[in-house]
Structures are given as structure tokens and as C-alpha cells.
Amino acid sequence: MSNFAIILAAGKGTRMKSDLPKVLHKVAGISMLEHVFRSVGAIQPEKTVTVVGHKAELVEEVLAGQTEFVTQSEQLGTGHAVMMTEPILEGLSGHTLVIAGDTPLITGESLKNLIDFHINHKNVATILTAETDNPFGYGRIVRNDNAEVLRIVEQKDATDFEKQIKEINTGTYVFDNERLFEALKNINTNNAQGEYYITDVIGIFRETGEKVGAYTLKDFDESLGVNDRVALATAESVMRRRINHKHMVNGVSFVNPEATYIDIDVEIAPEVQIEANVTLKGQTKIGAETVLTNGTYVVDSTIGAGAVITNSMIEESSVADGVTVGPYAHIRPNSSLGAQVHIGNFVEVKGSSIGENTKAGHLTYIGNCEVGSNVNFGAGTITVNYDGKNKYKTVIGDNVFVGSNSTIIAPVELGDNSLVGAGSTITKDVPADAIAIGRGRQINKDEYATRLPHHPKNQ
């Protein structure tokens, strides 16, 4: 039989105090909805239907082409949300997972175990439950002496005895698809909230003598639903611990994993060393034996093997094997650094390609440049790429030596093996093998300093 999935993502999330739909708030680099969608993929659903509502167009954009969408125009409860999927799923034979889009910590393994449990026990409905020492606020799972599920009782309706139950409802379910939609026709809004509750179908199944079961999570953290910023921060913390643990198991060393922030899609090879306060975001990839020191921040970039990045920022760029960057360097988007390049302290590279073995040790700006191999930039070199309206390119060949405190005004080309004298302002192309000196001639005026106030004779 087929598996189907319904993801509930229509809520506004008032307690988040945000215009952004709740399910689009991010945990470890991707939205909560994407986390749930990826986990749902473990059951290989034939159809996945996402129920949208508040700012539906934003939610649909995130999963465009990956799921079908239905709209819940009025927020009339979880049962009502599932009813919205009827045109797509009613009458199909199979098992349907119903899950909230604000549960980013649920794993694909747990959802696979849930649906296998449901099938193996021939249940018409299976509730995903968890156990906690502090069940206050959760619906409790009431079982009979044979451990069969009798009902779900909410906190406000629970007796003193039922309040002692530690097994709680996580809000995730698997149903026989055909029976689900039959039962939904019989639920009503006769409750304090005036809403259709998906939990009411459990009572209907019990009344008709059908089998209802419960599968209990091994890890309570997976049950966390995010309703406010506090819970969002908790989810972030749990997810990052998982991510860091996975990398450590795979051979990555962390000085302080509690102070290291790695997004879920980051790839890290073995033998990488990561110091505290390192942030790796987006689609970043780190090669083997690379060292990332305290304070390094990398976004959507690829760093090769054996690199050393010291307290620097790298954005949307590629860094080859053996490169050293920093401290306090900034590699801005669309840059590429060849093998063994050295970018030192207080150097900024923007939109430039730099050939292997090139060095810019300190206090340099390289913007919109094509730089060859074995180039040396002296301290204080500036490539001037912007005239206030347009940006221009500088081309620097192989084996070029640029003296300290030089200004290279684009568009200009420095040929292979050329040399720029220190303190020069270069406005014209420099041929290969040439020396360019673009500064005023030094003039010494003997004894002139004796006329000035600073001179000891005038004190």
C-alpha cells in the first residue's frame, strides 16, 4: 500500500511576533518546514500535500515543485486543515502521515519507525507519543490494562490521576487514509475553541472498536513544536548539538562544540580542526585537514584541504588547497583563491580570482581583479575599481611585484614579470618585464627644516 503525507503549515504563529509565517523561521540554516519535509521523505510518500494559509505564497515558494498545496483560508483547527486535503487524498488506499510544519527536530528515522509500527500492528490510527517528566500542558495518552490507547485527554480536561501520566501526544499521527476521511465527516466544533480537532477521529475509531495504537519516541527532543522565539532557540540548540555530534563522529575536531555554529547542509571532511566561535553557513564545504580558528565566519563557500583560516570572513567564494587567510581578512562574494595563496591581516578581496602562490600579506584591497600566479602585493596596495558610477577590472599577470602603498587605478593591466615601484599610482598599462614608477621625484632642501617650529633650534 502507498504512503501519503499531510504537512500542516497554515498557521500564522502569533506568539512568534513576526510577519513571517511561523514554519518559515529557520533552524540551522533552513526553515522549519524544510526540516519537516526532508524527514517526511523517509517514508517515501506517493503524494505529499502541504496545507497553507497565512502568506501562502511565501510558504509555497519554499517547497515549489516538491509538494502539492491546498489552502486553509480560515484557521478552524487541525481537523479542518486535514479536511482541506480531501480533493487530493480522499478514496485513496494507503497510510497517511499527518504532521505539523513547526516540528523541525523530528527525524526521518522516527517517522519511518512510526509508519512501520502502524502497518505491523494493523492499526487504523497510530499516535506518535513521547514521555516526559514534565507533561504539563500536553495532551495525555490514556491506555487500558492491555496498553491499548483509549483516548487523548487534554490538560484542562484531565483528572488528577490522568495528570500524572507522562506519555504525551506529539501531534503527529498515521491513519488508514480511507478511514481518516470517513471519520472527518463525523467530527464537529462542539468544544471550547469552536474548532475541528484531528484528535476527535481517535475517539470515533475507539467507539467503532477499531484498533488505535501509539508509538513512543526514544528522544523527547524530537517532539518539540515551536510556537515562540524561546522554543525556536531551543530547537536551534538541539539541532546544532546533533549536527556537531555527527561531524565529530565523522572525524572532525571541535575545541568547543557548544560555541560552534554549523548549518545543516555544511559538509566537512575528516581531520578538520574547528576552534570556538566558528560559524559555517549555507552550502559551505570544508576540505580535509583544514584549520578554522576562533571567530572564523564562512558562508556558502568551498575551502580546500590543508587551508588555515584565521579569524576571518569568507562569503560565496572558493578557496583552494593550502591557502592561508587572516587574521582579520575578508573574502567577499565571487572570489576564488588558488592553491597556496596567502591573504594576510586586514586584506579584503572582492569579486576577484587570484592565482596560486600569490601573496597579499597585509592592508590590501583587491577588487574586481584577475590576478595571476606568484604575484606579491606590498602592504597598503589598493586596486581602485570604482569611479562613483561604474566598476572596472584590473588584470595582473604572473610573477608581478607590486611595491608597498601602490594605487592601481582600473581599467589597467600589469604584464607578466612587471614591477611597480613602492608608492606608485598606476593609471596606464604596464608591459611585461617593465618597471613602472608613478610617483613624484624626491627633492631634499638642505637646512630647510631649521626654519620650522618643530626644530630644536626654534624651541
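Our numbering is plain: 1 for the first residue shown, then up by one each step along the chain.
Including glycine, each Cβ sits where the backbone N, Cα and C put it.
For reference, Swiss-Prot has these:
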- 1-229: region 'Pyrophosphorylase' (REGION)
- 8-11, Lys22, Gln72, 77-78, Gly139, Glu154, Asn169, Asn227, Arg332, Lys350, Tyr365, Asn376: UDP-N-acetyl-alpha-D-glucosamine binding site (BINDING)
- Asp102, Asn227: Mg(2+) binding site (BINDING)
- 230-250: region 'Linker' (REGION)
- 251-459: region 'N-acetyltransferase' (REGION)
- His362: active site, proton acceptor (ACT_SITE)
- Ala379, Asn385, Tyr386, Ser404, Ala422, Arg439: acetyl-CoA binding site (BINDING)
Distal contacts, the region 'Linker' (230-250) - CB-CB under 8 A, six or more residues away: 16, 25, 27-28, 32, 35, 104-105, 221, 224, 257-258, 260-264, 266, 268, 270
Integer Å distance between the CA atoms belonging to His362 (active site, proton acceptor) and Ser404 (acetyl-CoA binding site): 10
Candidate with the highest Cβ count within 10 Å, taken from the binding-site residues Tyr365, Tyr386: Tyr365
For Asp102 (Mg(2+) binding site), the number of other Cβ atoms found within 10 Å of its own Cβ: 26
Integer average pLDDT (0 to 100) for the region 'N-acetyltransferase' (251-459): 98
Number of other Cβ atoms within 10 Å of the Cβ of Ala379 (acetyl-CoA binding site) across all protein chains: 18
Least surrounded among the recorded positions, given as Lys22, Arg332, His362, Arg439, when other CB atoms within 10 Å are counted: Arg439
Packing count at Ala10 (UDP-N-acetyl-alpha-D-glucosamine binding site) (other Cβ atoms within 10 Å of its Cβ): 26
Asn169 (UDP-N-acetyl-alpha-D-glucosamine binding site) to Asp102 (Mg(2+) binding site) - Cα separation in whole Å: 15
Whole-number Å value for how far Lys22 (UDP-N-acetyl-alpha-D-glucosamine binding site) lies from Arg439 (acetyl-CoA binding site) (Cα to Cα): 60
Binding-site residues compared (Asn169, Asn227, Asn385, Ser404) - the one with the fewest other Cβ atoms within 10 Å: Asn227
